[in-house]
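Peer 1: Structure incoming, see below.
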């Protein structure tokens with residue numbers, strides 16, 4: 001039952017990706033990217049639906065050629081969540097997906113080609129109200145910047161980004177967001193800090209090619225956590241060599257830990273020791289699996305003994321403290337005693353009841369407001 005986040009977010013211009021606001025006073029949007037073959041429409045739609053069920057706000061889809069562009073158009077008709085088309089090199093692909101209803105174009109103006117081609121893409125985006133993401137990556141910096149700096153640096157990333165920002169602004173286009181990604185945490189953080197001071201556009205945060213599920217989660221949590229804690233960032237994507245649904249889960253967990261956005265259960269659990277009166281690890285694994293469908297923000301404490309249990313339980317909506325017998329707290333007050341028999345079943349029941357009660361109360365406040 002913790003309060004609002006103490007973080008003061010950087011002021012930025014608000015843009016819209018489909019129905020999702022990004023920047024300004026909008027909640028930080030959670031993104032992911034499909035890793036299916038875009039030409040396999042059924043598989044890509046199924047993956048997007050899974051991402052949407054996990055709570056994703058925006059999904060990016062790679063569109064490498066014209067066949068994929070046509071597939072993208074069919075995919076767009078079959079899903080509800082806003083879609084970003086990831087496009088490189090061939091400006092005609094951007095023009096085609098704009099015709100097919102894309103919600104955002106992810107391009108690098110530096111590899112689209114001549115000025116007239118960039119202008120054609122910008123005109124198509126402007127005519128249809130489509131925003132653009134300028135995506136700068138340490139692994140694909142322009143050759144002149146590689147020569148100037150010798151290697152990727154925060155300054156090189158920012159110079160590349162500003163070059164493209166100025167390009168769009170010369171074309172009188174302001175409806176864009178920017179990312180400056182690197183796989184090195186320090187480089188990415190430094191680049192975003194520099195860029196945040198120089199532009200007002202919303203920033204898309206990410207540590208690119210972060211790694212597998214565990215290592216990538218840690219890298220992303222460290223890098224994005226540093227930036228988000230400073231108020232930098234308007235939308236995030238956790239890049240993992242894993243099921244894209246895991247990217248969404250990790251993204252929400254990072255935002256929940258900083259109290260920037262709440263969705264589903266925020267578990268507070270001890271690592272367990274010989275004082276535990278029930279199997280904390282097993283209990284947590286079962287609860288997390290059973291309660292993934294709950295979207296209502298709730299703090300649930302699962303503590304194995306009485307050393308820290310009562311204190312943590314009193315701060316949660318639902319708290320379990322190990323003892324003889326175990327004790328359940330609801331809204332900070334002792335509510336009932338539990339034995340280890342059917343412990344998880346009973347705790348799940350109480351959590352679901354509390355979630356329903358909170359959802360009804362929240363809806364009532366919205367209606368009265």
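Here the Cβ of each residue, glycine as well, is placed from N, Cα and C on the backbone.
Residues or ranges marked as [4Fe-4S] cluster binding site by Swiss-Prot on the basis of sequence analysis: 270, 273, 305, 312.
Give me the local environment of each listed feature.
Peer 2: Its own atom aside, the Cβ of residue 305 ([4Fe-4S] cluster binding site) has 19 Cβ atoms within 10 angstroms in the protein chains shown. For the recorded site, residue 305 ([4Fe-4S] cluster binding site), the DSSP three-state label reads coil.
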Peer 1: I'd like to know which of the binding-site residues 270, 273 has the most other Cβ atoms within 10 Å of its Cβ.
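Peer 2: Answer returned by the neighbour count: 270.
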Peer 1: Around the [4Fe-4S] cluster site recorded as 270, 273, 305, 312, what other same-chain residues have a C-beta within 8 angstroms of the site's C-beta center?
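Peer 2: Output for this site, in sequence order: 271, 272, 275, 276, 280, 303, 304, 307, 308, 309, 322.
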Peer 1: Long-range neighbours only, meaning 6 or more apart in sequence with Cβ under 8 Å: which ones does residue 312 ([4Fe-4S] cluster binding site) have?
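Peer 2: Once residues fewer than 6 apart are set aside, residue 312 ([4Fe-4S] cluster binding site) is near 268, 270, 301, 303, 319, 321.
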